[in-house]
Amino acid sequence: MSTNSIKASSTFFDRFNNQDIVKFSLTNQNNVTVSAISLGATLYEFSIPTNTGRTNLVLNYPNSGDYLANPFYVSMGIGRTGGRIKDGQLPLNGQTYQLQTNEGTTTLHGGPNGFNTQVWDGEIVEEDGEPTIQFHHTQLSSEDGFPGDIDVTIIYRLTNDNTLKLTFEATALNEDTVFNPTYHTYFNLGDNDTILKHNLQVNAEQHLEFDDKKLPTGNFLSVENTPFDFRQTTSLGNAIQNMQNTPEKGFDDIFKINDDAINNTIATLQDPETNRSVSITSDRNGLVVFTANSFTKEDMNFSRTNGIGIPYEGVALEAQNLPDATRFDNFGDIIIKAGETKVHEIDYHVEF
Ligand code: FUC
């Protein structure tokens with residue numbers, strides 16, 4: 001007889017590029033379900049029971065093909081490196097590696113063959129008496145152009161206090177390389193089509209200055225007296241309103257997490273209408289906030305909005321190290337030495 005308090009299952013999801021895509025699910029004692037599909041190790045569902053049924057707090061699509069039909073990485077696993085690398089040129093150990101590019105001259109989110117494009121080997125693995133979802137993939141240098149091959153495991157653990165713990169483990173198999181994965185999770189906690197009524201709090205005194213390609217210049221800007229000031233719980237709708245004079249008409253920005261918040265709560269998103277919230281814990285110094293300003297009606301087959309995309313439909317909160325970190329001395333360490341293993345964790349704690 002099983003004594004697990006977390007229930008696990010796996011089912012066929014669909015066929016994509018001649019491969020079976022599998023969906024794995026975990027459900028806790030409060031009837032909270034987390035599921036993931038093997039394409040991109042994507043977070044597919046983080047659903048809670050409600051008075052009328054269930055609500056999924058993350059954006060998703062019905063088919064695997066929908067995920068790569070647009071450039072928005074909807075709730076997908078991102079790696080080797082989240083964010084942009086200037087000119088696709090990775091400085092490492094005094095050398096420069098030319099990577100594959102996928103946004104003009106820039107390498108974005110691991111490039112055109114990044115983690116999100118891979119079909120991961122998934123399985124339910126019991127750990128400490130509870131099931132977990134574990135995705136495994138060996139990312140080859142010959143595949144994505146980064147130096148060295150890495151063995152990567154992404155683990156989903158769900159607790160009975162409604163926390164999803166995402167762990168990334170990477171071992172550099174043969175050369176020094178870089179590892180700065182994230183999840184491109186778009187939350188919409190409410191019952192509306194947009195997040196404009198949500199509140200956001202971010203433990204960041206500073207955000208990054210960009211050039212005109214959204215590449216970091218290396219300068220840190222104070223959030224004080226700007227729409228970037230989320231130190232106190234702030235209306236996201238008002239903040240977005242105050243960004244209407246920017247090309248993005250919203251946020252697509254990188255916050256530098258305060259030192260004392262690292263390994264603790266870095267940000268909290270809440271929907272006052274439904275009283276639902278998610279708090280994010282991370283062991284790294286960056287958070288991208290992307291308010292889905294440029295979502296398009298076409299090519300975004302969202303389940304939530306019946307097959308169309310809507311600007312501000314969700315907010316992507318991408319916990320990671322500051323991007324392009326080997327270019328700047330003070331951005332943090334994303335290097336894995338040959339033979340070494342590095343582990344990172346992002347936790348989402350929901351309340352409802
Ligand atoms: C974020 C942004 C990018 C891009 C992507 C889908 O990471 O920084 O601009 O639009 O999301």
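Note that Cβ sites are derived from N, Cα and C of the backbone, with glycine treated the same way.
Summarising the annotation, TrEMBL assigns active site, proton donor to His184. Residues or ranges marked as beta-D-galactose binding site in TrEMBL: His184, Thr185, Tyr186, Asp252. According to TrEMBL, the feature active site, proton acceptor maps to Glu318.
Known features from TrEMBL, placed on the structure.
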{"residue": "His184", "record": "active site, proton donor", "Cβ within 10 Å": "23"}
{"residue": "Thr185", "record": "beta-D-galactose binding site", "Cβ within 10 Å": "29"}
{"residue": "Tyr186", "record": "beta-D-galactose binding site", "Cβ within 10 Å": "28"}
{"residue": "Asp252", "record": "beta-D-galactose binding site", "Cβ within 10 Å": "19"}
{"residue": "Glu318", "record": "active site, proton acceptor", "Cβ within 10 Å": "24"}
- Query: Taking the Cα atoms as reference points, how far is Asp252 (beta-D-galactose binding site) from His184 (active site, proton donor) in Å?
  - Reply: 12
- Which of the binding-site residues Thr185, Tyr186, Asp252 have a Cβ less than 6 Å from any atom of ligand 1? Asp252
- To the nearest whole angstrom, state the Cα distance for the pair Tyr186 (beta-D-galactose binding site) and Glu318 (active site, proton acceptor). 9
- Note on the structure: Same-chain shell around beta-D-galactose excluding His184, Thr185, Tyr186, Asp252, C-beta within 8 angstroms of the CB centroid, reads Phe72, Tyr73, Val74, Ser75, Val288, Phe290, Ala292, Gly314, Val315, Ala316, Leu317, Glu318
